[in-house]
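Chemist: This structure is in structure tokens; I'll ask about it shortly.
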Amino acid sequence: MNESTPLTSKPACNSELNPAAVLAANRFRRGPIVSKISFSLRERQRALSERGVGQAAHLCRDAVFGYQDAPYDGFYDPYSQEHAPNTTRNTISIVCGRVVVNLREAALIANWILFLLVFFEPPYWCREGDNKLYGDCRSTFDLAGTTADGEEDEELYPNSGMLLLTSSQSQWIELYCICFGFFYLCLKFADDGFIPRLFFYKGYKRWAHTSQIVLMICILTGVKIGNTILNPFFRMLLLGTYLRKFQREFLTFVKMIPAMFNILAILGVITVFYAWFGVTLFYDTPQGKLAFPSLPEGVWSLWIMVTTANYPDVMMPSYNQHRFIALYFVSYMLVSFFYLMNLLLAVACNSYDDSITARTKYRKDLSKELLTKAFELLDHEKKGSISRSTIMNVMVILNQDIPEIQKLSSDQKSIFFAMLDKDGSSTINLEEFLAFANVLLLDLIEQGEYATYVEIHLPKIYYSEWYQRLCSIVKSSQFELIVDTILVLNAAIIGMQDYPMLSGQDVTTDPKYHDGYIDTVWESLETIFTVLYCIEAMLKINVYGWRTYAESGRNLYDFGITAVAVIASAYVYYPNKYSNSNLIKLIVMARVLRLGRLLFAIEGFRVIGAISVDIIPAATSVFSVLLFISYFFSWLGMLLFGGLITRDPLDPISYELLEAQDFVSNGYWANNFNDMFSGMNVLFNLLVVNNWTECEIGFEKTSGDKWLVRCFFFSYHILAVIGIGNVVTSFIINAFFQQMKTVEQRKGWEETIDGEAVIKGSVALFDASDITGTQTGVNNKYIARIRPQHLDVETDERAALRELFTRSSSNVASDD
């Protein structure tokens, strides 16, 4: 099947443009390749000499990103006339502002290090002890021997083995990161001209900066007084202040709580009623003694039923005696599990859809409001229009002061102005200016950047008849069919080779297969297939060019698998003393993974794959909320239940644990809160739901307070499994249908917009010399696509491109 779809017709073999490939390119490109970028302070001063340009540029930035940390007057402008006498302060502000931009990622990394520190440092429950490095943690975690239940050579305090840092090392890392955090805030304070009113400007800046300072002081205080029990919690909150997408999704979840609480309240009332009825119905029976000895125990048994962890086990004692008893349990499950839990999901989906709709409307309204303000600031004479020089001045400030906005070359600035100037008047009215936010989202790539190595360096070969014929063959559907046929043959041979093992037969491996030489039929065939795959990759790279080739996810998948197989094969089969059978198995599995390419030949799989590639990055913000909640509960679990899961015969708790027969019989020893990794695993098991009660019962026996344990697990189930779980499901449902429309658009028909651009899918090809009637002086062809800033709200990329390349009615009439 041919990977490329022509957008325009040209004779050269690399003239085809794959819109999906260009779309993928922007996931891997660091930024557009620009020709002339000016960062001249003199140019900046000249631009700011025009009244309102600086403030308008910041308003345009906020319009693009859909949020405002603070208005323009909430930031320090070292170039304004108001601050002109303060030359030293202005210089410091300029330098620190640039440093802040460059250190932004480093500050985020430092906070992630703080967040992850708890996974590798000694847990607090065993930190006190004679050993100054690890407390009692190292000696406790290393204990092994005969367990309380008689097993030999086993861990006595099961743990993940991730105790990599001493207490002092952890504290030093913590101090370094906190000091860097304070240094970063000091730079931001200097960027704001050392003016507290600006640094703590009302709104988001005040909240973020105040929270960060308070939390870092709390962490340092804990280190100073030698009580760091709360430091992991403070580190988590500190990281949260740096993650805007996490904050947005967390607030969305908080807003959904009232709607979900109503359903949970109904579920609670029904559960209490059924528990009351159950205690009465099963009084003084085996069923009653097992599951309904009291109202609280009955409620707990029914709640476990809602999670499906004990159904139908819980009803079997009475059901074996009286079949009609099933009416009690089945009716409860119908109401609670099948109706209310699904109603809860429906409410969550509806609430999330409403939040997405509100988010979209807010961003559109905010963008219009901010761009209107910017236009009014730039329209000094109130003529209802802005000159070209004014727009260029705004772009200079966007280039130099707004790191989030892509850096624009002089050619790109001219192209952007032409897109705004739809009537060809060389001035911009308000209606045209409102498209500025979409214009700034454009990614422009010169078509010449897709030229192949052969086209550039070997033009005679490139234009020769035989090479053009080779291009046609490689790009044909027949070539893809041949490759797919080779894959099927490879699959058949691998299946024949592994059939005895896959069918459960005893297999005796040929010693020659692990001797590091290609001396068996299977190895010879595998090597031949690997060579064929290499030839395929080389042909496509030469014909398409590396850039076009790498922009296809399918090609990258093929290339990665082939590269792994080639490197591993060369390492094993190259004459040396190394011969690792596991690595040889890895080679075989790599070839099996290559069969996944066949899925791309099926339309349904291609669509799902394309949707997944778009959804997964956007989903990280939703999953970050789940990560934070799990982190908090794992840390809390270490404080409450750390060290309680033990097999040490010298510890009386180990014998109490043996009373939890389900826990012991299933070998759930590693499901504990002895360290952070183990705790996260327990919580993940709870997310999966099944058998979580058999893990929970172990903590009931060892803690001595079963209701504390139950409240802990119940709280996590409500917040994470039901709450965030429904948010994640709502997000995936919403995003799937949004992306389904987008994928259909990307496969859309080819259309020409007013003779300006050819749009196919979500990609536009245009001649930059004349755009919407405006001469740009740029004589190149460009490829354009919209670069969405908000992954949570889908952008109609095709419609946005169509609008940008459509001339105004007055301009069309004048041309006629």
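Note: Cβ is positioned from N, Cα and C throughout, glycine not excepted.
Got these off TrEMBL a minute ago, pasting:
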type	residues	note
TRANSMEM	172-190	transmembrane segment
TRANSMEM	210-230	transmembrane segment
TRANSMEM	250-277	transmembrane segment
TRANSMEM	325-349	transmembrane segment
DOMAIN	366-401	domain 'EF-hand'
DOMAIN	408-443	domain 'EF-hand'
TRANSMEM	556-574	transmembrane segment
TRANSMEM	594-613	transmembrane segment
TRANSMEM	625-645	transmembrane segment
TRANSMEM	714-737	transmembrane segment
Chemist: Taking the transmembrane segment (250-277) as the reference, which of 210-230, 325-349, 556-574, 594-613, 625-645 gives the largest number of Cβ pairs under 8 angstroms?
Modeler: 325-349
Chemist: Near the transmembrane segment (210-230), which same-chain residues lie under 8 Å Cβ to Cβ, leaving out any that are not at least 6 residues past its ends?
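Modeler: Here the qualifying positions are 114, 124, 171, 174-175, 178, 181-182, 185, 200, 237-238, 241-242, 639.
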Chemist: Determine which recorded stretch among 556-574, 625-645, 714-737 has the most C-beta pairs below 8 angstroms with the transmembrane segment (325-349).
Modeler: 714-737
Chemist: Mind checking which residues reach the transmembrane segment (625-645)? Cβ under 8 Å, same chain, six or more beyond either end.
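Modeler: Result: 115, 118, 123-126, 140, 157-158, 229, 232-233, 236, 240, 246, 249-250, 253, 653, 657, 669, 671-676, 679-680, 682-684, 698-699, 702-703, 708-709, 712, 715-716, 719-720, 724, 727-728.
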Chemist: Sequence-remote contacts (6 or more beyond its ends) of the transmembrane segment (714-737), Cβ cut-off under 8 Å?
Modeler: 249, 252-253, 256-257, 260, 264, 303, 307, 341, 344-345, 348-349, 351-353, 356, 611, 614-615, 618-619, 622-623, 625-626, 629-630, 633, 683, 686-687, 689, 792, 794
Chemist: Please spell out the DSSP helix, strand and coil residue counts for the domain 'EF-hand' (408-443).
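Modeler: Final tally across the stretch: 20 helix, 5 strand, 11 coil.
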Chemist: Mean pLDDT for the domain 'EF-hand' (366-401), as a whole number?
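Modeler: Taking every residue of the domain 'EF-hand' (366-401) together, the mean pLDDT is 90.
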